[in-house]
Amino acid sequence: MATNFLTKLFGSRNDRLLKQYRKTVVRINAMEPDYEKLSDEALRAKTQEFKERVAKGESLDDLLPEAFAVVREGSKRVMKMRHFDVQLLGGMALHYGKIAEMRTGEGKTLTATLPVYLNALSGNGVHVVTVNDYLANRDATWMAKLYNFLGLSVGINLPNMPREEKQAAYNSDITYGTNNEYGFDYLRDNMVYESGDRVQRVLNYAIVDEVDSILIDEARTPLIISGQAEDHTAMYVAMNKIVPNLVRQEGEADPRTGEGVTKPGDFTVDEKSHQVFLTDQGYEAAERLLGHAGMIAEGASLYDPANITLVHHLYAALRANNLYHRDQHYVVQNGEIVIVDEFTGRLMAGRRWSDGLHQAVEAKEGVTIQAENQTMASITFQNYFRLYGKLAGMTGTADTEAYEFQEIYGLETMVIPPNRPSKRDDQLDRVYKTTREKYEAAIRDIRECYERGQPVLVGTTSIENSEIIDELLNKENLPHQVLNAKQHEREADIVAQAGRPGMITIATNMAGRGTDIVLGGNIEKQVAAVEADESLSEAERQQRIEQMRADWKIEHDKVSALGGLRIIATERHESRRIDNQLRGRSGRQGDPGSSRFYLSLDDALMRIFAGDRVRAIMDRLKMPDGEAIEAGIVTRSIEGAQRKVEARNFDIRKQLLEYDDVSNDQRKVIYQQRNEILDASDLYEMITVMRDDVVSDLVRQYVPAESMEEQWDLAGLEKALESEWRIQLPLQSQVQSAHAITDEEILEKVLQAAREVFDAKVELIGRENFTQFQRAVLLQSFDTNWRDHLSALDYLRQGIHLRGYAQKQPKQEYKREAFELFRQLIDQVKTEVTRVLMTVQVQSREQVEQATEALEQRSAHSLEHMTYGAPSDGDIGGSVEDEPLELPEGARVGRNDPCPCGSGKKYKQCHGKLS
């Protein structure tokens, strides 16, 4: 209460910032008459003037009013659009590294031109980040007219572009691209063998469009570049034949009484955590089935150490068959499994689930099973975007996630007021007992809208649900358009005309982003088609355009009079923000509109989180079938359930980041070292330091520091030098012939001998040629060991939560052990590189060149396969894929015995619970 009182008294921080920014808006507006008088050439010359002032030390903040005024004037001349004052406010928020929340239809794309232009003046490049290639291409092509007019270059960064084109795109003043492609380019740049092969410049400033989608929805999805690992294709096929013979248990047993199971079965499905667990009965059934299939020996246990990989494949098959559904979580396209993004409904071509899940789904659908992959490089979007010197974002829905943006990224969210107040009527949810009743009510609403000519956008959470609505509308003979991941290519065309009178458009979440739904239809697309028609004379073209605009005005006014665009949603999403995005399609720029959610107690969110409470209310009210409950208390109850899910997902993302920060720090060290190796013209000193460290470590194993001669093992040292580096050094005879010799002198003799062997190779081949070979060896060693290190960190993370049972802090233990693994990695690189360079037999420059080329080709081959990782289904550190427990050979642990790890849990609930 005290906080609310103070906010009313002094205004919120958002209000105070807006008040401060409005003073700058007044200054920009005052400049407008002067800039209107400038010729096109004089206006363009301002860009060069600004660049020179920045080069002399003037700050971008000082230039802001003038730069914004120039962009506004340029837009008026080229785009025929003038930035509203609220767009200037949004541009300032973006320049100052904030997230600007601007409602749908407020012109975020045009708003971004202001800070993009200003920050491009520094010459360090600006990256505009979009959610898909279509938007990157559209926005770059659209806005390039303005930027080029003002003297700035624009590049588009798309997948599969040749390296030279990517370099040109990144060297432009402004680069448009997707979050995935920027991240992949960063990883690829840190895997190249020639410095000239890198494409990115310094990561200076990025504006992330639809920032909530990229930095929150995708935060748990790492970008992964991977190479093929061992093939287990036959195993996935075999497991897919076994799983259908297992029966799902209905009901959940109470841990105290054992009651609650309505139908016993072999496995349970936990929809909240998105996991599957074998029951005791299922464990025995699986053993029996695997025994019949000859996959485990007679009398052997499924949880014997030798069968741990079987358990992994069994659980992958169970999850594929019971948690992942066709046309909801994935589609089958051209004989491949393509993941459907749960937040946008878009197809994620090239992305694969990890941990064998994707292969299990491929086996289930009977398509070609592709080999599993080993991670070669990875980074989360959270850590990639934190590499930028300055980061900003814009979206229509950020306020509900403002705390997370501040906590994780240090980004403040600023709500920009609309140019015109919204007239949308967001009606209370209607909740029905069954799915059938819900759909019947939604169809009635759609029919009523259609009969009066009001356009309708029907929102669904999955392709499956959109196809159900599609069938129902076909039965009712109601003409409509379907927009889901299967019609991705037609997205813009369908959405552009969704505001025409009588239009019915069914859409998954993907329709929420990027394209405005204009009442009366998108006239600009139609005008563009006429302007491109070369068969028309100029007079005919103008006449036709004028007629089209007049017709559009009639349709626009008609739709407005009918209440604008009607949003009908058939399910609540887990996130309030996604629901708000759907609502936000209606009521743009002060247009009228309305929205209504039709729900049932069978919906996933209701069933898992809020169904019992609402069902109890319905039973108390003795509501007949077909009647809906429509009350604020129900809507608030549903939003409360959504808040719980959002809080849980935030905790998962935050925990992921805390663990990933450890590997992120190590990644920075490795990539910095890699870049130094690539950029160095001579590596002799670096190799010398490495070699001396390795030689010293070896010598000290046989001749400890400050030790007596009696403690030395010179015979062992001679043998080690011969076997490790082919150095023949008669240390024993030298010591015997000397009157007195110290351990330091022994060390110096060995170092000198190693130096002479190495220098002889360098002299034979030539320093420059040998530098190339050294570079290839160093990079190959770093890459191989980094790849193995990433796998080791994954295994460590999966089992680290067990330390909690020993009263240890898992995160601290993870940091400590990860550091030790990293130290071992560095030592291993030094040892490997020294061994290769000391033992390689070279007789000519040609041999060195061939060896260098072979190393580089091996690296290039490993880059051929690239894929996405998928988000973890369990909490980080609490994943059900625990670190396998090593048991003595032949040892067997009963399912209900205490786990040998010492956790105090039963084996089936601890290391026996593998997926």
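Placement of Cβ uses the backbone N, Cα and C atoms for every residue, glycine included.
Going by Swiss-Prot, these are the annotated features:
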BINDING   GLN87, GLY105, GLU106, GLY107, LYS108, THR109, ASP516  ATP binding site
REGION    866-915  region 'Disordered'
BINDING   CYS899, CYS901, CYS910, HIS911  Zn(2+) binding site
COMPBIAS  905-915  compositional bias 'Basic residues'
By a simple count of other Cβ atoms within 10 Å, which of GLN87, THR109, the binding-site residues in the record, is least packed?
THR109
Determine, for the ATP site, the additional residues of the same chain whose CB lies within 8 Å of the mean position of the CB atoms of GLN87, GLY105, GLU106, GLY107, LYS108, THR109, ASP516; present them in sequence order.
MET102, THR104, LEU110, THR111
Sequence gap of 6 or more, Cβ distance under 8 Å: name the residues on the same chain that satisfy this around ASP516 (ATP binding site), in order along the sequence.
THR104, GLY105, VAL495, ASN522, ARG588
What residues, ordered by sequence, lie under 8 A Cβ-to-Cβ from LYS108 (ATP binding site) and sit at least six positions away in the same chain?
GLY90, ALA100, MET102, ASP209, MET394, THR395, GLY396
I'd like to know which of these binding-site residues, GLY105, GLY107, is least surrounded, judged by other CB atoms within 10 A.
GLY107
Cβ neighbour count within 10 Å of GLU106 (ATP binding site):
24
Could you check what DSSP calls GLN87 (ATP binding site) once collapsed to helix, strand or coil?
helix
Diameter of the ATP binding set by C-alpha atoms, the set being GLN87, GLY105, GLU106, GLY107, LYS108, THR109, ASP516, in angstrom:
17
